[in-house]
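The structure under discussion appears below in the form of structure tokens.
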There are 4 protein chains.
Amino acid sequence: MGAPILVDNADLAVKTLGVCRIDSPLLPLLGERPTTQHYIDESDKVLYDDTALMISSRGVALDDLPGFEPAGPRRKIYFDPSKTRVGIVTCGGLCPGLNNVIRGLVLELTSHYRVRRIFGFRNGYQGFIARYGHDVVDLTPESVANIDEDGGTILGSSRGQQDPAEIVDCLSRMNINILFVIGGDGTLRGAGQIAREAETRGEKIAVVGIPKTIDNDIPYIDQSFGFQTAFGKAAESIRVAHAEATSAPGGLGVVRLMGRHSGFIACYATLAKSNADVVLIPELPFKLEGDGGLLNYVRRRVAERGHAVVVVAEGAGQELVVGQPESTDASGNRKLHDIGPELSRRIKEYFDAEGIELNLKYIDPSYVIRSVPANPYDSVYTIRLAHAAVHAAMSGRTEMVVGRWRRRFIHIPIPLAISQRNQVDPAGDLWMSVLEATGQPPRFE
Amino acid sequence: MGAPILVDNADLAVKTLGVCRIDSPLLPLLGERPTTQHYIDESDKVLYDDTALMISSRGVALDDLPGFEPAGPRRKIYFDPSKTRVGIVTCGGLCPGLNNVIRGLVLELTSHYRVRRIFGFRNGYQGFIARYGHDVVDLTPESVANIDEDGGTILGSSRGQQDPAEIVDCLSRMNINILFVIGGDGTLRGAGQIAREAETRGEKIAVVGIPKTIDNDIPYIDQSFGFQTAFGKAAESIRVAHAEATSAPGGLGVVRLMGRHSGFIACYATLAKSNADVVLIPELPFKLEGDGGLLNYVRRRVAERGHAVVVVAEGAGQELVVGQPESTDASGNRKLHDIGPELSRRIKEYFDAEGIELNLKYIDPSYVIRSVPANPYDSVYTIRLAHAAVHAAMSGRTEMVVGRWRRRFIHIPIPLAISQRNQVDPAGDLWMSVLEATGQPPRFE
Amino acid sequence: MGAPILVDNADLAVKTLGVCRIDSPLLPLLGERPTTQHYIDESDKVLYDDTALMISSRGVALDDLPGFEPAGPRRKIYFDPSKTRVGIVTCGGLCPGLNNVIRGLVLELTSHYRVRRIFGFRNGYQGFIARYGHDVVDLTPESVANIDEDGGTILGSSRGQQDPAEIVDCLSRMNINILFVIGGDGTLRGAGQIAREAETRGEKIAVVGIPKTIDNDIPYIDQSFGFQTAFGKAAESIRVAHAEATSAPGGLGVVRLMGRHSGFIACYATLAKSNADVVLIPELPFKLEGDGGLLNYVRRRVAERGHAVVVVAEGAGQELVVGQPESTDASGNRKLHDIGPELSRRIKEYFDAEGIELNLKYIDPSYVIRSVPANPYDSVYTIRLAHAAVHAAMSGRTEMVVGRWRRRFIHIPIPLAISQRNQVDPAGDLWMSVLEATGQPPRFE
Amino acid sequence: MGAPILVDNADLAVKTLGVCRIDSPLLPLLGERPTTQHYIDESDKVLYDDTALMISSRGVALDDLPGFEPAGPRRKIYFDPSKTRVGIVTCGGLCPGLNNVIRGLVLELTSHYRVRRIFGFRNGYQGFIARYGHDVVDLTPESVANIDEDGGTILGSSRGQQDPAEIVDCLSRMNINILFVIGGDGTLRGAGQIAREAETRGEKIAVVGIPKTIDNDIPYIDQSFGFQTAFGKAAESIRVAHAEATSAPGGLGVVRLMGRHSGFIACYATLAKSNADVVLIPELPFKLEGDGGLLNYVRRRVAERGHAVVVVAEGAGQELVVGQPESTDASGNRKLHDIGPELSRRIKEYFDAEGIELNLKYIDPSYVIRSVPANPYDSVYTIRLAHAAVHAAMSGRTEMVVGRWRRRFIHIPIPLAISQRNQVDPAGDLWMSVLEATGQPPRFE
């Protein structure tokens with residue numbers, strides 16, 4: 001979770017387009033009961049607690065503690081459903097559950113709020129820009145009924161930003177009141193720009209994000225959707241690597257998993273099936289050479305057991321890949337050096353130099369992990385996220401994302417959601433459990 | 001989560017056998033780093049936050065807020081590993097992940113603390129009582145290596161209490177210092193009695209529980225182990241019921257799921273695959289007859305769509321099953337009337353009386369749900385729970401259980417852990433999402 | 001495969017509506033190559049070899065050996081695709097792969113033969129009879145694109161016959177030229193009557209069956225579709241029963257599987273996961289009482305191992321269920337006595353009388369087995385069966401079914417296909433392997 | 001199945017070490033019933049029928065038709081079980097089901113024939129040669145009980161031959177009477193040499209092979225073990241490729257599957273989930289350039305649908321990879337050029353030159369396919385193969401393999417088993433079904 005961060009209520013405040021005056025069409029569903037607890041009161045608050053906070057703010061009164069706005073339906077909403085037109089777009093890399101989110105948004109908008117027009121924009125932000133020539137898709141309850149059976153996104157996706165002004169032109173021209181953006185931090189940054197561009201023009205467009213990150217690295221979110229599906233599939237690859245490694249003399253399986261800046265998938269996949277001998281994550285630099293280095297450790301492990309499995313997150317050991325030019329991808333992310341092949345090369349050279357037999361099998365299951373349908377947990381999670389996002393948008397929230405914090409669904413302002421990354425804490429109990437499960441030393445140094 | 005509960009720090013205090021003086025053998029693994037954050041300091045605290053608390057305790061200073069003791073390794077431990085003898089027992093109904101917990105305990109005790117003798121007691125608390133004649137099993141890293149591939153428990157289980165005095169006699173005779181008890185609330189009540197009996201006798205025996213409940217109804221625990229596996233399998237049954245219902249004229253699938261007092265499995269399984277038309281849970285009484293009753297609603301649904309699926313938790317609608325004698329099972333739990341067959345009978349009578357064709361398929365997947373191997377998420381969760389339990393026991397904690405609260409692993413005193421039940425909040429967002437997904441009315445009345 | 005059967009070429013001859021004169025639209029796809037082996041020549045023949053035949057017919061010349069007509073496309077077809085109207089109906093109990101067959105028929109008819117109108121009749125033979133009021137469904141490539149993701153049948157099904165004259169009236173009124181009937185032996189008997197009724201009237205209607213039997217008991221067919229999916233799911237239940245049985249003192253799992261007259265599912269599921277101690281099939285009567293009886297054997301097994309698993313096919317041990325009235329179901333099948341509960345009751349009584357602890361768990365996974373989507377093998381098999389059925393119908397074959405014999409797709413006249421049942425040979429290698437895997441005695445007597 | 005092959009009974013004759021004189025210990029199991037059909041009579045014969053044969057040999061009497069020796073237990077056996085010592089070795093590439101075969105051999109040898117000593121040789125033929133230093137593993141019912149849960153082989157494997165004389169030295173020194181060899185055609189060639197070397201020396205060593213080929217290319221065998229598991233996993237990759245391709249503008253998935261000389265996996269995986277637009281197999285050369293070439297076809301497909309999926313077997317299009325040096329691997333197999341990356345490169349160049357957007361995702365799931373545990377079908381098949389192999393060896397057969405031909409288990413002399421390859425018939429119904437499912441043209445030329 002990284003170092004303690006100072007957050008105050010100003011950071012946590014969510015923008016809204018205006019005062020909610022319209023009765024929610026959910027009223028008949030939820031009933032006019034005495035408690036009416038189904039509705040979120042506008043003054044509710046989810047406490048932002050953190051160990052750091054607990055330690056640092058002794059003596060502070062509860063009223064002043066920072067808190068998130070809880071997600072959920074409001075009794076009064078901002079948009080008149082019968083006149084509301086909605087857009088949905090998916091951006092960036094694939095992640096299990098994208099279709100589930102689209103489906104959840106469409107079903108909730110239509111069946112509960114009776115929204116009639118929902119447009120799917122194709123291939124990420126390109127879909128708003130005329131020159132790409134992508135068609136716009138009408139989304140209906142029928143057309144999305146079974147899309148959760150498939151991985152990927154029925155809307156297509158693309159990386160990279162487009163001009164916020166052009167996007168707002170498009171939204172304005174199509175009279176769209178609400179835009180749901182499903183994407184990672186670059187995408188959400190773009191969503192923030194769109195929201196502010198609309199605000200500047202005086203357009204009442206609610207821009208609501210559903211954060212997508214297979215790496216589980218978005219802050220203030222317990223676990224990002226698709227993450228459980230992803231590490232479950234990743235665990236299969238570790239199992240395969242183990243079968244390969246044990247089936248040949250000097251067998252070594254090297255499994256490269258996702259994780260640009262955060263090693264969550266590598267850690268969880270390893271714990272799901274304790275077949276790995278070493279896990280390497282971006283949060284912890286490691287040395288290859290020397291007595292305490294990785295190469296020597298792998299050599300000893302293969303000698304003792306006849307085989308070994310190394311799991312490496314894509315962003316680990318960047319400092320080891322030297323001499324390759326720096327570059328960025330269309331989303332503006334710095335292109336990582338591919339540690340997997342490089343690591344395999346170095347291990348081969350080392351075993352070769354030592355004259356030890358090595359049967360290295362390199363496994364990169366990335367597409368399989370990101371393109372499978374959501375598992376039951378992520379199916380539930382995405383539908384609940386989608387419900388939360390619809391309620392937020394209908395009540396006029398904008399420039400925010402929905403998330404789950406300490407197991408409650410909340411609203412997070414976009415600037416806060418992209419302010420940092422969630423990472424594996426090298427001093428926390430997750431990494432501790434990994435060390436205990438693999439038996440590897442705390443550092444290769 | 002039910003009504004706000006008043007908890008103070010006295011309730012949250014965990015018993016310990018004495019002062020920790022022995023250096024943890026994990027030291028070489030975790031290293032003597034400046035921060036040494038891997039170790040939990042004895043004064044650390046996980047804030048017990050709750051919406052109720054937030055609202056009720058305005059003005060209270062943070063120091064005085066109730067907090068749980070965090071789980072994790074201590075720098076100094078209570079038991080000398082080389083002399084420690086450990087017992088493990090599994091009690092009550094089956095649940096996915098039992099073997100994973102056993103395996104996690106054994107691997108952590110042996111590979112990190114270097115404990116040498118671990119005994120498995122067979123068939124629940126019966127295993128301590130000579131007259132049952134069950135043998136004791138030696139548990140080693142080799143014998144547990146692959147047990148997580150199978151459902152059930154390699155130790156066997158049984159329901160019901162045994163005399164705490166006889167159990168402590170057995171532990172004492174075998175020089176056992178630590179007893180891990182895996183079971184539900186009845187079992188944990190027994191574990192508390194064992195701990196207190198040992199305390200009374202001055203025996204230094206740490207009794208540490210790992211709470212098991214497939215119903216996810218243990219308080220102060222985010223989600224009980226096996227729950228995700230369970231609702232994932234349960235969702236398959238709903239899908240099957242849907243296939244059956246859509247494949248016959250007047251098709252109606254009735255799926256009976258676990259859930260004695262809490263409808264979590266029914267709610268989550270329904271959200272995982274939105275094929276159900278009605279979900280019935282113990283938390284919400286319902287009427288069968290009348291315009292607003294369930295029978296009329298099911299009739300209309302079948303008439304409109306040609307088919308319907310009803311999901312019913314075993315503890316739902318107890319008030320409808322009249323005229324059957326009350327009884328209790330060996331664990332002392334009140335025996336529930338079986339709502340599934342009763343509900344099916346009532347629906348058949350109703351359709352018959354109305355002269356409408358009905359093809360009712362009744363599905364009770366209980367054994368399949370509780371006896372499958374853990375899924376990847378539960379595999380990770382159980383290994384982390386087992387690590388936490390071992391650290392707690394080695395540091396001398398007793399009469400407590402490990403759990404996860406707001407995503408942090410914590411220690412909970414047994415009396416608190418069995419003080420109430422976790423239930424679906426009929427005014428909360430989970431039930432709200434179920435209503436939105438099924439389209440059913442908030443009440444059948 | 002039962003006793004040797006005398007078959008001659010008269011039995012194997014397939015009826016055809018007339019001479020094929022129209023060029024197949026597949027010509028451009030398959031090309032006019034010198035060999036043109038893609039097309040089946042009208043005089044091709046698949047030898048009907050059988051051990052019995054090999055032994056009995058020594059001295060017979062090859063020309064006279066009985067042979068099946070091979071399935072596959074013909075160069076000349078009977079129906080003009082542009083004018084052909086097709087009906088599809090599914091009848092009887094569910095079986096994995098029904099939707100795959102429907103999908104395969106529709107895709108092949110439309111994409112290759114360019115047939116434009118395909119009608120789905122709802123709920124079995126009821127769908128042709130006006131008074132049931134079922135609608136007729138238009139089937140298009142779009143509407144069937146993803147139906148193979150789901151179990152069951154999108155057309156619905158029902159048991160029982162309807163008047164063939166009324167059915168032909170309906171077909172005639174709708175100008176339907178080809179009727180595909182997917183169903184078991186009762187259904188195929190009905191299909192034969194429909195074909196003959198049409199023939200009598202001089203209507204040129206091709207009636208082609210795709211045999212469905214989850215029990216794998218149709219003769220002259222290597223393996224019926226859905227069978228592999230079914231026994232794979234059934235094996236999961238045996239595994240669950242094993243987990244249950246091993247997790248309690250005196251644990252006994254009783255798994256009731258499909259198999260009215262043939263124990264194939266029970267045998268294959270047992271071999272797939274050798275957890276069963278006893279398998280009981282309809283082909284082999286067994287005694288309960290006495291030294292060599294089942295009860296004594298189960299008692300010894302539980303005593304020796306602490307647990308046991310019994311797998312029983314629904315049609316086994318019918319002679320043991322006495323005093324229950326005889327009846328038949330809507331399909332005219334004799335209703336079987338339910339051996340599962342009866343067997344469980346007898347075992348409980350016996351253990352009770354012997355004063356031995358018993359924890360019997362009874363598992364009946366029928367719906368789960370029959371209503372799951374097809375596995376990859378059955379997906380391939382059903383698509384190939386559907387292709388074969390379409391080719392047969394377009395070339396004017398009628399009153400026949402498609403099947404696979406010795407791994408080649410063939411045409412089988414309906415009278416032959418329903419003339420007997422495929423059963424487990426108690427003297428064959430399948431049963432031998434079961435005996436070797438379970439260790440059970442060859443007879444309980 | 002390729003061109004008709006002339007086979008006569010001399011080719012089909014299986015070698016045996018001598019006359020069987022010892023009563024089989026299976027007698028008590030199988031009983032002395034009047035028919036005793038459980039035992040295979042030494043003169044039984046499975047007719048070798050083939051379309052080619054049917055056509056060419058009209059007029060031939062049945063007695064003279066070629067036939068295989070049926071597999072199964074013999075009443076009299078050759079080896080005295082109490083004195084028999086057995087070796088098992090696995091060679092070559094991994095394949096699902098290897099551990100199942102090992103487990104089936106050990107369980108059958110020990111539980112039914114009461115053989116007491118079984119040795120596992122490690123890492124293929126290396127395991128017999130002292131200088132590699134591999135240990136020999138004792139195989140017992142306990143040690144193999146659960147190995148079928150894992151992919152790979154617990155014995156390890158390696159490619160390449162070793163000196164038959166050295167191997168027989170080893171067998172002789174260890175008094176081994178029976179050697180089971182699990183491997184592909186190179187391995188079986190080696191097994192034949194071992195058998196003949198033993199024969200030359202007068203050593204009574206039965207060498208029995210269980211043919212392993214994930215490509216399903218061994219002749220006279222309906223389907224090789226592991227093949228169904230393999231194409232089922234391969235189908236998942238095609239589904240993933242489809243999700244990727246549909247989720248990006250100009251999306252193209254390229255899936256490289258196994259299949260050095262035979263495209264069975266590619267064909268079956270494609271039929272299992274009809275998401276592929278093009279399948280390329282080694283049996284059918286294809287052109288890239290030109291109007292009828294692959295590149296133009298893919299371009300049109302992407303233009304029309306927005307995406308496409310190409311499935312390519314590793315041995316396809318070898319003629320396209322020019323300018324790379326020829327080489328062989330340790331097994332003596334000619335090293336194939338890797339068509340996957342080459343094809344991807346050519347497609348990229350072409351789209352680039354045409355100025356069309358392309359998002360190509362290349363998926364090579366080889367390790368995942370070959371290293372997963374066997375599915376239920378292959379679990380059954382491997383156990384039955386293992387039973388057949390044990391019966392063959394105990395009755396003194398040597399220099400042969402077990403297989404299944406027209407659904408009966410048979411004995412095949414090694415020279416015949418390695419005489420040719422099973423291939424997809426470009427004029428047969430499997431390829432026809434692929435063409436119909438993908439809609440691709442019969443040739444790219």
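Using N, Cα and C of the backbone, Cβ positions are placed for all residues, glycine too.
Annotation comment: TrEMBL describes C:85-392 as domain 'Phosphofructokinase'. What TrEMBL records for C:GLY93, C:ARG159, C:GLY160, C:GLY184, C:ASP185, C:GLY186, C:THR187 is ATP binding site. Look at TrEMBL and you will find C:ASP185 tagged as Mg(2+) binding site. What TrEMBL records for C:GLY186 is site 'Important for substrate specificity'. Summarising the annotation, TrEMBL assigns substrate binding site to C:THR213, C:ILE214, C:ASP215, C:MET258, C:GLY259, C:ARG260, C:GLU314, C:TYR367, C:VAL368, C:ILE369, C:ARG370. TrEMBL lists C:ASP215 with the feature active site, proton acceptor.
Feature annotations (TrEMBL) mapped to structure.
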{"residue": "C:GLY93", "record": "ATP binding site", "Cβ contacts under 8 Å, 6 or more apart": "C:SER157, C:ARG159, C:GLY184, C:ILE214, C:ARG370"}
{"residue": "C:ASP185", "record": "ATP binding site", "Cβ contacts under 8 Å, 6 or more apart": "C:PRO211, C:THR213, C:ILE218, C:ALA417, C:ILE418, C:ARG421"}
{"residue": "C:GLY259", "record": "substrate binding site", "Cβ contacts under 8 Å, 6 or more apart": "C:ASP215, C:ILE265, C:ALA266, C:ILE281, C:PRO282, C:ALA313, C:GLU314, C:GLY315, C:ALA316"}
{"residue": "C:VAL368", "record": "substrate binding site", "Cβ contacts under 8 Å, 6 or more apart": "C:LYS233, C:SER237"}
Listed binding-site residues (C:ASP185, C:GLY186, C:THR213, C:GLY259, C:VAL368) that sit near chain B [CB under 8 A]: C:VAL368
Average pLDDT across the domain 'Phosphofructokinase' (C:85-392), rounded to a whole number: 94
In three-state DSSP terms, the structure that C:VAL368 (substrate binding site) belongs to: helix
Local Cβ density at C:THR213 (substrate binding site) - other Cβ atoms counted within 10 Å: 26
Among C:GLY160, C:GLY186, the one of these binding-site residues whose Cβ has the fewest neighbouring Cβ atoms within 10 Å: C:GLY160
Site with most surrounding Cβ atoms, counting all protein chains shown within 10 Å, from the binding-site residues C:ARG159, C:ARG370: C:ARG370
Cβ neighbour count within 10 Å of C:GLY184 (ATP binding site): 25
Neighbour count (Cβ, 10 Å) for C:GLU314 (substrate binding site): 24
Helix, strand or coil at C:GLU314 (substrate binding site) [DSSP, three-state]: coil
Binding residues C:THR213, C:ILE214, C:ASP215, C:MET258, C:GLY259, C:ARG260, C:GLU314, C:TYR367, C:VAL368, C:ILE369, C:ARG370 (substrate) - maximum C-alpha distance in whole Å: 17
